[in-house]
Amino acid sequence: MSKGTPSMGKRQKRTHIACRRCGKISFHAQHKVCAACGFGKSRRIRSYRWTEKKAKVPTH
């Protein structure tokens with residue numbers, strides 16, 4: 001068994017599939033949780049303030 005480049009060719013499964021709620025390719029097939037909207041983890045849509053672009057505040 002070797003590690004490195006030869007082992008990378010064995011990774012063929014799709015980790016994420018299309019989400020039923022948001023439609024993005026973010027639903028983890030094994031964990032059954034969407035990384036984008038939180039489907040499978042919570043009833044509410046996943047949203048955080050750090051994902052939004054903040055307005056530029058003048059420094060002087």
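Positions of Cβ are set from backbone N, Cα and C atoms, glycine also.
The zinc finger annotation in Swiss-Prot covers 19-37. Residue counts for the zinc finger (19-37) under DSSP, helix first, then strand, then coil, are 0 helix, 4 strand, 15 coil.
Packing around Cys34 (Zn(2+) binding site) is summarised by its Cβ count: 25 other Cβ atoms lie within 10 angstroms of its Cβ, all protein chains included. Residues annotated as Zn(2+) binding site in Swiss-Prot, with sequence analysis given as evidence: Cys19, Cys22, Cys34, Cys37.
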Practice item. Could you give the residue numbers and ranges of same-chain residues that sit at least 6 residues beyond the zinc finger (19-37) on either side and whose C-beta is under 8 angstroms from one of its C-beta atoms? Key: 13, 45-46
**Study point:** Zn(2+) site shell beyond Cys19, Cys22, Cys34, Cys37, criterion: Cβ within 8 Å of Cβ centroid
**Key:** Arg20, Arg21, Gly23, Lys24, Ser26, Phe27, Ala35, Ala36, Gly38, Phe39, Arg46
Study note, to complete from the structure: Neighbour count check, CB within 10 A, over binding-site residues Cys19, Cys22, Cys37; minimum at Cys22
